[in-house]
Amino acid sequence: MESFDADTNSTDLHSRPLFQPQDIASMVILGLTCLLGLLGNGLVLWVAGVKMKTTVNTVWFLHLTLADFLCCLSLPFSLAHLILQGHWPYGLFLCKLIPSIIILNMFASVFLLTAISLDRCLIVHKPIWCQNHRNVRTAFAICGCVWVVAFVMCVPVFVYRDLFIMDNRSICRYNFDSSRSYDYWDYVYKLSLPESNSTDNSTAQLTGHMNDRSAPSSVQARDYFWTVTTALQSQPFLTSPEDSFSLDSANQQPHYGGKPPNVLTAAVPSGFPVEDRKSNTLNADAFLSAHTELFPTASSGHLYPYDFQGDYVDQFTYDNHVPTPLMAITITRLVVGFLVPFFIMVICYSLIVFRMRKTNFTKSRNKTFRVAVAVVTVFFICWTPYHLVGVLLLITDPESSLGEAVMSWDHMSIALASANSCFNPFLYALLGKDFRKKARQSIKGILEAAFSEELTHSTNCTQDKASSKRNNMSTDV
């Protein structure tokens with residue numbers, strides 16, 4: 001790390017760990033998810049897609065596995081992005097593609113689970129109708145519709161993701177409108193300045209550290225911070241000659257979005273319009289001294305003194321809002337990708353349980369029901385933190401202690417959501433029959449047991465029992 005002239009600042013920076021505990025946990029989760037998910041989902045795709053007979057159940061779970069497999073393919077990029085602390089070295093296309101794949105997985109998975117829940121409910125309540133209308137062709141058609149809708153839902157991610165260059169570091173983040181005033185939410189970090197008592201007549205170089213306020217970046221598909229809520233280490237920033245000034249030690253915490261400039265005007269966030277910056281002379285004689293009281297912040301303060309409020313605070317307050325597209329994306333994901341499917345699934349499985357208590361069902365039907373319930377439960381456990389953090393980031397002030405805490409756990413919530421991609425193959429193997437019996441089965445036998453068609457199985461069982469009775473009768477005679 002680059003040391004500063006101020007001993008206290010240097011000590012703080014050296015004592016700060018490179019990664020917070022939640023960052024390390026996120027890396028571990030992403031690494032294990034990628035390894036286990038690629039192996040498990042790849043095996044299920046091969047066996048269920050090639051070795052097994054195609055049934056309605058195998059169609060459902062095959063497409064669900066495909067969505068998980070695609071998500072696992074994107075995880076190495078997300079893991080590297082987290083390790084590199086927000087730097088995105090893969091270019092613009094992958095900046096758009098990788099977050100889109102994660103959101104595609106979320107919507108495809110939740111829509112497929114909703115379809116599976118409705119299918120389970122129809123089998124229990126309308127078995128005769130299912131025997132006549134439930135077929136593989138219909139299942140493939142529904143899965144096709146699911147993929148189309150999921151693709152449409154992830155289009156905003158692909159459209160709004162953009163690549164920004166800041167001091168030779170590439171940042172992958174949302175760009176909702178680069179032509180308007182920059183948004184308060186886009187970039188939030190603190191720049192520590194060295195002590196200096198001289199004014200450079202040409203260019204003042206301000207070297208410092210980005211404050212690790214939310215720890216190294218989110219990985220992700222998160223709406224705001226696949227960005228520089230990251231610890232960008234030892235980044236030099238330049239001020240223009242006409243705006244150079246002298247100061248002792250100050251903490252600057254600008255908020256800027258759009259395309260980050262390579263030259264920052266001293267004491268004025270680059271997000272403010274150019275005409276406002278030009279209309280104010282910014283130098284030490286005008287308003288700033290070594291003992292000027294600064295705006296209070298979550299850490300040590302803003303570079304804006306109180307007598308500067310009249311010029312910029314009104315506009316700063318105006319820009320302190322969440323972009324409308326970001327609000328729409330987050331709310332749509334919450335409602336369409338979480339709440340509505342959740343209520344549909346709760347209703348479906350409640351009806352199934354109510355009916356199963358009144359009627360005797362085959363073990364095969366109970367087994368497939370358990371698999372479906374387990375998959376749905378794990379999905380909502382994994383994705384609930386993601387949506388919760390997304391909503392909290394919309395409504396909390398990033399300068400508050402709650403806002404900082406939420407941002408610090410953002411990447412963890414996305415790692416947990418991604419972890420859902422590796423669980424399903426193990427659920428298929430562990431549920432349905434006794435585990436000791438499964439351990440002696442082939443992979444094909446395990447999946448056939450998990451995805452067995454209960455209607456067909458029940459019919460076959462009935463036919464087997466009938467033939468057995470006929471054989472017994474002929475033997476007795």
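Heads up, residue numbers simply count up from 1 along the chain you see.
Cβ atoms here come from the backbone N, Cα and C positions, even for glycine.
Note that the structure is a prediction, hence the values are computed from the model and not measured.
In Swiss-Prot this protein carries:
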TOPO_DOM  1-23  topological domain 'Extracellular'
CARBOHYD  N9  N-linked glycosylation site
TRANSMEM  24-46  transmembrane segment
TOPO_DOM  47-57  topological domain 'Cytoplasmic'
TRANSMEM  58-80  transmembrane segment
TOPO_DOM  81-96  topological domain 'Extracellular'
DISULFID  C95-C172  disulfide bond
TRANSMEM  97-118  transmembrane segment
TOPO_DOM  119-139  topological domain 'Cytoplasmic'
TRANSMEM  140-160  transmembrane segment
TOPO_DOM  161-333  topological domain 'Extracellular'
CARBOHYD  N168  N-linked glycosylation site
MOD_RES   Y174  sulfotyrosine
MOD_RES   Y184  sulfotyrosine
CARBOHYD  N197  N-linked glycosylation site
CARBOHYD  N201  N-linked glycosylation site
MOD_RES   Y312  sulfotyrosine
TRANSMEM  334-353  transmembrane segment
TOPO_DOM  354-370  topological domain 'Cytoplasmic'
TRANSMEM  371-393  transmembrane segment
TOPO_DOM  394-410  topological domain 'Extracellular'
TRANSMEM  411-431  transmembrane segment
TOPO_DOM  432-477  topological domain 'Cytoplasmic'
MOD_RES   S452  phosphoserine
MOD_RES   T456  phosphothreonine
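Remark: the transmembrane segment (97-118) contacts the transmembrane segment (334-353), by the rule of 3 or more CB pairs under 8 A. The residues of the topological domain 'Extracellular' (81-96), classed with DSSP into helix (H, G, I), strand (E, B) and coil, number 9 helix, 1 strand, 6 coil. Counting every protein chain shown, 23 other Cβ atoms lie within 10 Å of the Cβ of C95 (disulfide bond). Remark: the transmembrane segment (58-80) contacts the transmembrane segment (411-431), by the rule of 3 or more CB pairs under 8 A. Helix first, then strand, then coil: DSSP counts for the topological domain 'Cytoplasmic' (119-139) stand at 18 helix, 0 strand, 3 coil.
Within the same chain, the transmembrane segment (371-393) stays apart from the transmembrane segment (140-160): fewer than three Cβ pairs sit under 8 Å, each pair at least 6 residues apart. Cα of N168 (N-linked glycosylation site) to Cα of Y174 (sulfotyrosine): a distance of 19 Å. The sparsest Cβ neighbourhood within 10 Å, among the listed recorded positions (N168, C172, Y174), is found at N168. Mean pLDDT for the topological domain 'Extracellular' (81-96) in the predicted structure: 90. For the pair formed by C95 (disulfide bond) and Y174 (sulfotyrosine), distance between Cα atoms is given as 10 Å, rounded to the nearest Å. Note: the topological domain 'Cytoplasmic' (47-57) comprises 7 helix, 0 strand, 4 coil (DSSP; helix = H, G, I, strand = E, B). N168 (N-linked glycosylation site) falls outside any helix or strand according to DSSP and counts as coil.
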